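Annotation source TrEMBL lists active site, nucleophile at HIS70. According to TrEMBL, the feature active site, proton donor maps to ASP336. Positions annotated as disulfide bond by TrEMBL: CYS59-CYS384, CYS263-CYS276, CYS404-CYS412. Among the features that TrEMBL reports, signal peptide is placed at 1-19.
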Amino acid sequence: MQVKFIALTIFIFFTSTFAKSIEELQKKQEDILHYLGGVSPYVPMKNKRFIDMSLPETCKLNSVQLLQRHGSRYPTKGANKGFKALYDAINPFKGSLNGSLSFFNNKQYKYFVTDADVQLEQLTKLNNSKPNKYTGEIMAREFGYNFYSKYGHLVSENETLTVFASNSTRVKDTAKFFGEGFVQNTNINFEVLVISENETQGMNSLTPAKSCDTFDSDYNDDLIATFFGNKTAMLNDIKQRIVDENPALNLSISNIESIYNYCTYELNVNGYSDMCNLLTKNELTMFDYEASLEHYYSYMNGNTNSSAIASVLLNSSIELLTKSNGNKLNLAWTHDTDLNNFFSLALFNSTKLMPIESMDFDYPFSRNDFTPMGANIILEDYSCGNETYVRYIINDSVYPLNDCNDGPGYGCSLDNFISRAEKLMNGLDFAKQCNLNSSYPQELTFWWDYKNSTSYPVYN
């Protein structure tokens, strides 16, 4: 859904000379976006299927589900320490730097986090960053506008579209800006209801891993560390290359390792990053694989509890197909870890484990392919004749299920889709496997009980 959405403020910005220069710089870095380890600004799936995004003309859309990651953001407080340390190690030499670091000599070049108290961990917005096409607020509004263009007919004028967001400000802001884009030039009302991220939310959550006492994202750290040996030589090569150009610099290996994500976050914030140019294509490829590996063994199939956790959101998705809440659009926002966890069961349950000893370039999961900033997974429910089908659209690509795709539009028949999901969830018991406190919610209910509950505050 790449239709252009232009709000007045965005239009003013993009007609400025500054914007044109940024767009020229962004064009030069478009080829690296797919290799930024899940921290890239939104980018459509690299291995995009050559399948029509529109349904066959003989089919009718019944309902749509959306689960989306928040848009482009500033780094976390912890990550920022490493990036600022890198900046502080280089900046004292401003004016005398050579080669790949000569951009530091520009007096206009500043550290991309300018107000840590206000910016860290937040969505990039018109009022906290230099607006560009990757700005989280702009992309959320655009996505909302485009989403309405495709699916708005499923909502009646004067109706209130209620959506859900986990209780993180960047997540809630993304949902809010999506809504502003969605309802533009309509009489549709839009509200965001907030779902707590506390463990006390139990299974009635968009972040079920937080309620799982037995879940440990560091469970495989020792295993993942074995891959680090593959990049030790690479880090030393990067350091030597920079020091050869600037012998006075005293950069640690930790500084060198920070270059990659400094690059990714600066690009998110400013729209372009000279720091990215310090790394070769081969180096970007290895960093990207490492990022996929880390998420895979922390939140996906490589972690023993991932399937039980993923079953919460998969089961609710199936129930929305079989136990309607009266809404034709069911939309929610959360974090990349929750999307990747969902993928681990819904898409990759039967896939061999991601190789650690060496890089498997054909492996079906890539963190940046599935969960860049603003990543989205859409489930379309549609009827063709007397049969009902469903299909996933992930990041602007129809994503057929390998074991069920013989329907129109490469969809899976609803009956087979439900049967498939039930088999995937067979034997999984979140409450038991996660030692869920019996006083916490034992099922996900917010899709159905929000109209009669005061447990989900409105985000304004």
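These residue numbers are counts, starting from 1, taken along the chain as shown.
Positions of Cβ are set from backbone N, Cα and C atoms, glycine also.
Around CYS412 (disulfide bond), taking its Cβ as the centre, 21 other Cβ atoms fall within 10 Å, counting all chains. Between HIS70 (active site, nucleophile) and ASP336 (active site, proton donor), the C-alpha separation comes to 8 Å.
With all protein chains in the displayed structure included, the most crowded Cβ environment within 10 Å among the disulfide-bonded residues CYS59, CYS263, CYS276, CYS384, CYS404 is that of CYS263. Cβ neighbour count for ASP336 (active site, proton donor): 20 (other Cβ atoms within 10 Å of its Cβ, all protein chains included). Taken residue by residue with DSSP, CYS384 (disulfide bond) is part of a strand. Annotated pair CYS59 (disulfide bond) and CYS412 (disulfide bond), C-alpha to C-alpha distance, rounded: 14 Å. Looking only at the disulfide-bonded residues CYS276, CYS384, CYS404, CYS412, the one with its C-alpha closest to ASP336 (active site, proton donor) is CYS276.
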